[in-house]
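What follows is a set of notes on a single structure, which appears directly below.
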Amino acid sequence: MDRKATVIDGKLAAQHVKDSLRTRVAALEAIGQRPGLGTILVGDDAGSQSYVAGKHRDCAEVGIDSFRIDMSAEASQERVLDAVGRLNEDERCSGFIVQLPLPAHIDMHLVLNAIDPEKDADGLHPVNLGRLVLNQEGTLPCTPRGILELLRGNDVPITGSQFCVIGCGTTVGRPLGLMLTRPSEHATVTMVNEATIDVAAHTRVADVVIAAAGVANLVKPYWIKPGATVLSVGITRTVEGILGDVDPGVENVAGKWTRAAGGVGPMTRAMLLKNVVELAERAAGITSEASTKIAS
C-alpha cells in the first residue's frame, strides 16, 4: 500500500500554545495587567464575521479580555480612524487588529499606519515590518510566525533547507521570506508569484513548499519532491466547501503536509493571542520569552 504523508495537526499545536499562554495571562492578571485584544470590523462579510468571532472565543479560552468595534460597510474612513485612535488610547487594550479586507472606499494603508506600533497585534505596521527587516525585537505577523512554530514542532529542518514560498503578499509571503532568512533560521528561500515562469521547476527542488496564493488546488502532486514538506496556507470558498492551495493528491508524494482545514489557520489565531500576551508583558516591563531575533 502506498504511504501517505504525515498530517501536520495545526489544531493540536494551537492548543499547546493556548495551554502555555494561560499561565502567562494569570501572571499578568496577578499584577493587575490582564491582557486585552481589540478588534475593528467594518462590514458584514460572512468570512470576516466568522474570523472575528473565533478570535474572541480564543481570548475567552485563555483569559484574555476582548473588545469589539463593529461598523457597517458604509462607515466613513474618518469613523474607522476614530476607532483606531480610541483603541490606541484604551489602557485595557494591549493590542488590536483591524479585520481585513476593508471596504473599497477605505484606504487600508492609512488605517493600518494609524495603529500604535506597540499595540499592533497583527505585526503588520510598517514599524514592526521594518524591525523584522533589521532583525530587531517587534511584533511578528501571525501567519508566518505560526508556520515556523508548526515546522519546528513537527521536526521539519529549517536551517540549510531549500524553501519555496508561493505568493508574495504582505500578510504571509513577504514577511515569511524575511523570517526564513534571519540568522536564527538561515534557510534558502525562493519566492514565486503569478509572473514566475514554470513554478513547478522551483517547487520540485524544494525541501519545504509553502503555498499562500489563494488559488484552489494550485500545487499539484508532480510539483513536489518526494518526501518534501508542504503547507497549504491560502483558502478558497466554493459551493463544495473550503479548498486549499494544495491539491489533496500531494498527500501521496509529500513526507509531511497540512490540509486546508486544521492546518495553518488555527496556528494563525494562536499566534494572535501570543502577540497580545507579549505586548501586555512588554507594557508591564516583563521580558518576553521571544523576540524577532530568536523567536518563531
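Placed from the backbone N, Cα and C atoms, the Cβ positions cover glycine too.
Taken from Swiss-Prot, the feature NADP(+) binding site applies to G167, C168, G169, I235, supported by sequence analysis.
For G167 (NADP(+) binding site), the same-chain residues that are 6 or more apart in sequence and have a Cβ closer than 8 Å to its Cβ are G173, V192, N193, A211, A212, A213, G214, V233, G234. In the three-state DSSP classification, I235 (NADP(+) binding site) falls within a strand. According to DSSP, C168 (NADP(+) binding site) is assigned to coil rather than to any helix or strand. Binding of NADP(+) is attributed in the record to G167, C168, G169, I235, and the widest Cα separation among these residues amounts to 15 Å.
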